[in-house]
Amino acid sequence: MMFLLPFLTVFLAKQSHTRTHSLRYFRLAISDPGPGVPEFISVGYVDSHPITTYDSVTRQKEPRAPWMAENLAPDHWERYTQLLRGWQRTFQTELRHLQRHYNHSGLHTYQRMIGCELLEDGSTTGFLQYAYDGQDFIVFDKDTLSWLAMDNVAHITKRAWEANLHELQYQKNWLEEECIAWLKRFLEYGSDALERTEHPVVRTTRKETFPGITTLFCRAHGFYPPEISMIWKKNGEEIVQEVDYGGVLPSGDGTYQMWVSVDLDPQTKDIYSCHVEHCGLQMVLEAPQESGNTLLVANTISGTIILIIVLAGVGALIWRRRSREPKEVMYQPTQVNEGSSPS
């Protein structure tokens, strides 16, 4: 198997059994929706999993995950259905006020995001912000009990909301305490789905995209959770510019996919390698020197990661442990506001 060594190197880091989790609620109001488009929508997520939904057409809060339906009684859904109907009226009124202040008519949107995160080290974060027509409008700072306004109209809202000290403290408490309590409860309800790990299948390919231009592609698919790091290196140095990234996208089967590519001169003697990190698993695949691909499949068996490498039709089984802890992988949250309990 020595002939494989120039093509790839595989590192295994000790697997971590903790990860960052988030609970987020989103609201959206639309001032002039078209036929069949709700005027108001509210959706809840744990990590990337939708858990609740409500809209102005159904006017019912409903579960989006089976483990939510199984663990929350019917009176929970009825109680928050009534609350959401009230929040719908309030949210649509706020949108009309903003349109008057901006002197706008026609189609406009108003969004709200609230949520919290439980980090790997046990610490927590909370976030609450609003957007108008997709642009940041006002953001809550729970540490200073104040609002950060993004324009002159937002300053009007800031003055009104900061006059209510009780509400400011209430939002802080919800973000720091109640939101985290609900998140922990939901993680318990959906542990089988939310705590699982599926490592990616990673493939590097080389193809001529234009005359004189060769593109290297590194593709990962079939992984969960969606947090992943993928970079290209040239002669051991990370390539920062001239790299194209595809976003982390759902595959439709509960897993995710992503790609990253880089162009090169086909006559170059430089060595290019794709570096992938996912839940403590670190993989380095050297790009093929000729048209073709390198495929790496990672599976977990009894706590030991087995890597099956298929290169040019030849299969090899390689495994190796490393005691080094994994680096932090990338994660980008978003945000919403939902009252004293999940909605």
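Glycine too: its Cβ is placed from the backbone N, Cα and C atoms.
As recorded in Swiss-Prot, the features of this protein are as follows:
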type	residues	note
BINDING	R27, S42, K61, R112, Y170, Q171	5-(2-oxoethylideneamino)-6-(D-ribitylamino)uracil binding site
BINDING	K61	2-amino-4-oxopteridine-6-carbaldehyde binding site
BINDING	K61	pyridoxal binding site
REGION	19-197	region 'Antigen-binding cleft'
REGION	19-105	region 'Alpha-1'
REGION	106-197	region 'Alpha-2'
REGION	198-289	region 'Alpha-3'
REGION	290-298	region 'Connecting peptide'
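In the three-state DSSP scheme, Q171 (5-(2-oxoethylideneamino)-6-(D-ribitylamino)uracil binding site) is classed as helix.
Fewest Cβ neighbours within 10 Å among the binding-site residues S42, Q171: this applies to Q171. In this structure the residues listed as binding 5-(2-oxoethylideneamino)-6-(D-ribitylamino)uracil are R27, S42, K61, R112, Y170, Q171; their two most distant Cα atoms lie 23 Å apart. Mean pLDDT for the region 'Antigen-binding cleft' (19-197) in this predicted model: 96. Taking DSSP states H, G and I as helix and E and B as strand, the region 'Alpha-1' (19-105) has 35 helix, 26 strand, 26 coil.
The Cβ neighbour count for R27 (5-(2-oxoethylideneamino)-6-(D-ribitylamino)uracil binding site), using a 10 Å radius over every protein chain in view, is 24.
All protein chains considered, the CB of Y170 (5-(2-oxoethylideneamino)-6-(D-ribitylamino)uracil binding site) has 14 other CB atoms within 10 Å.
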